[in-house]
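Straight from TrEMBL, the features:
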DOMAIN    A:6-89  domain 'GST N-terminal'
DOMAIN    A:94-213  domain 'GST C-terminal'
Number of protein chains: 2
Amino acid sequence: MCAALAKPVLYTYFRSSCTWRVRIALALKGIAYDSAPVNLVKDGGQQMTPEYQAVNPMQQVPALKIDGITLSQSIAIIEYLEETRPKPSLLPQDPKKRALVRMISEHIASGIQPLQNLTVLEQFGEKKQDWAKNCISRGFKALEQILHETAGRYCVGDEVTMADLCLVPQVFNAGRFKVDLTPFPTINRINKALLELEAFQTSHPSRQPDTPSELRV
Amino acid sequence: MCAALAKPVLYTYFRSSCTWRVRIALALKGIAYDSAPVNLVKDGGQQMTPEYQAVNPMQQVPALKIDGITLSQSIAIIEYLEETRPKPSLLPQDPKKRALVRMISEHIASGIQPLQNLTVLEQFGEKKQDWAKNCISRGFKALEQILHETAGRYCVGDEVTMADLCLVPQVFNAGRFKVDLTPFPTINRINKALLELEAFQTSHPSRQPDTPSELRV
């Protein structure tokens, strides 16, 4: 089969928040794909094998084989899907609103998530939980303030955008680190509204092919 | 004056690598702007003031006031400039090449820079330098491998793209943390070629309005 016509392959880990962003995009756009699970903790991490290093030199998930190329980095992947499979759109038409969507996405993808990533947490030993909690709370405090200006039903207006694909997985991580969401009512409200949508449910960490049976719902 | 016609204002710090990315974009596109320096270290950091917190709730630079809105997050800002001031273009026309540019940009902006940011470094005390060196080296090792597939004269092909705007400031940071560039000949070559261009020179940390006199060249 020609590479361009082959079904995309997503290198995924059920609990990876960056991969979840991409799973939501694929679900919303109705793109069928095969999952190639990469267990980030088993045997010292399957991402460390030479085979996976050839897929993504950064040895992280997600990576997506699609249209004959292999892409890593979740926002870059979502932007590519948006440009090549534009319906339904994950970016507004208006350049200023597009900028706000990208700003919120990057706020989460560069400003919060990397600080509570596995590699960083390992450095903190017993203080791991406190560090992660603190980074997420600080980022959410700023995000709550930004959302007061941008939000409608969702992060920017009333349509689901890339920003929402970043929000829900980050709130899930906040839950893992027991961040109190009471000071962030807008984040909490939008997260709940998004979790009612099918694409956010089917892509959920509790429902992936590699989800351990005890974590399935 | 109407906000849309006012000169853009860049909240900047001479040594901020994220701000340098935006300064290069503004220079390449020939966009005149006023600088509003925010000293990130003086008096505990001028980004902590209520005045600046109103500009950017995340209390980081860069932020750009433009066309009546205030944006933060460097890649989001560059994407906005690209959409509203498309010449010269910082993204290729081909969607696959655009994806590679965004992948490399995000690799640096989410995968390397946040891990060696001031807030994280403060946690490491005496091990600060080692941690930063290690994060940058690890990211550069992956990047070198990616560039073997994508690079021409610059990161993706022979035209300057957003990826190059991320590369040069990150190599500058690598220098501050004494990362040996010998294992990364492609990164080193591209960085040198880019530093020959005027837009990378005028935007350089050593030539900003807030550069301390002893660091000027």
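Cβ from N, Cα, C; glycine included.
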Practice problem: For the domain 'GST N-terminal' (A:6-89), jot down how many residues DSSP puts in helix, in strand and in coil. | Solution: 35 helix, 16 strand, 33 coil
Quiz item: Do you know the DSSP helix, strand and coil residue counts for the domain 'GST C-terminal' (A:94-213)?
Solution: 87 helix, 2 strand, 31 coil
Practice problem: Looking only at the domain 'GST C-terminal' (A:94-213), report the model's average pLDDT. | Solution: 96
